[in-house]
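Beneath this line is the structure, given in structure tokens, with notes to follow.
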Amino acid sequence: MAKAKFERVKPHVNIGTIGHVDHGKTTLTAAITTVLAKKGLAQQKRYDEIDNAPEERERGITINTAHVEYETEKRHYAHVDCPGHADYVKNMITGAAQMDGAILVVSAADGPMPQTREHILLARQVGVPYIVVFLNKADMVDDPELMELVEMEVRDLLSTYEFPGDEVPVVAGSALKALECGCGKEDCPWCGKILELMDKVDEYIPTPQRDVDKPFLMPVEDVFTITGRGTVATGRVERGRITIGEEVEIVGLMDAPRKTVVTGLEMFRKVLDEAVAGDNIGALLRGVDRKEIERGQVLAKPGTIKPHRKFFAEVYVLTKEEGGRHTPFFNGYRPQFYFRTTDVTGVIHLPEGVEMVMPGDNVKIHIELITPIAIEEGLRFAIREGGRTVGAGVVTAIEE
């Protein structure tokens, strides 16, 4: 039998479940697949199949993540669920699972808890743009006033971290009851709530802009000269598209971007008219000397990205067991920061009131690089010391 072809008919969206430990994130994930399976839109996944998440490595960090896929009538979803709190922190900071939106699971019986707050803060810091709330364990709350109180608390908490708390959709239900019932009917008091939640996710979380529609950017991996023709920069197109004759800027490792024109494009030794996101290409650049471009710079659509030296970032510091440092670091710590294709040395400034950072911590820091790099909010990087990864980070704000 021939392999099933992936039919790209529905728009694709990446989401995940976030929230405090034991509030029912994994149960909800299992319930979603169970209810949608009844409509022929998903493969049912049991709780233990999701809970025993496989290990993955991202930027030298081991993370346990479960990936589940399912569809609604309108969309195709890739859904991530992590077993442990540390896995969420690592996942969100490394961008191992980029989320276009998240389902925040809060137990109606307990209300918001410390990790509820922490996950909302992380979502804000790393740029998860939309949150939909599922108040779980509603079967354990008899008092409607108590339900209202918990909902208000969650909305206030979201507003505190600059999410639109008043507008965020909130659905109350019981993931466990829906999982146990599994009828998948809309008029079922439990399964119906799961379907209502997915309707809200469909409506409220917008379809993201595709990489190919974003402005062109290609990290330079290698540079060589073709005698008689000029300098070629190679790399994988990260986003956007580029055609022969277009102007681009070389950005990074120098104070001001430098303009040039792409006079030729090649992929796998074949000539191209146009390259798009995901293509591994060589770009022939007009009037650029071999010494004027190097690995660590980027080619970009003019005016879309600038070189910067100072910025704020949310970082996760690896534990000793993860191959990280054995000791804390202090203000003025000078590791290397690995952006896209290269290491750059920089100085870390800790926030006021933070004396030191321990292995296993996540913290917001200020970084000053010794040389400018093409940086924008949301850019992921690794922190390295003598060639080994000791942490991971994401740019949250640019200073200069």
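Even glycines carry a Cβ here, placed using N, Cα and C.
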According to Swiss-Prot, which of these ranges is region 'G1': 19-26, 51-58? 19-26
Of 60-64, 230-234, 345-349, 350-354, which range does Swiss-Prot call region 'G2'? 60-64
Region 'G4' per Swiss-Prot - which of 136-139, 212-215, 240-243, 304-307: 136-139
Which range of 9-12, 81-84, 109-112, 165-168 is region 'G3' in Swiss-Prot? It is 81-84
So if I exclude everything within five residues of the ends of the region 'G4' (136-139), which remaining residues of that chain have a CB under 8 angstroms from its CBs? That is, six or more out. 23-24, 27-28, 105-110, 147, 172-177, 190, 193
Measuring Cα to Cα, how many angstrom lie between Gly19 (GTP binding site) and Thr26 (Mg(2+) binding site)? 10
Number of other Cβ atoms within 10 Å of the Cβ of His85 (GTP binding site) across all protein chains: 14
Across every protein chain in view, the count of C-beta atoms other than its own within 10 A of the C-beta of Thr26 (Mg(2+) binding site) is 23
Compare the C-alpha of Thr26 (Mg(2+) binding site) with the C-alpha of each of the binding-site residues Cys82, His85, Ala138, and give the closest one. Cys82
How does the model score the region 'G4' (136-139) in terms of mean pLDDT? 98
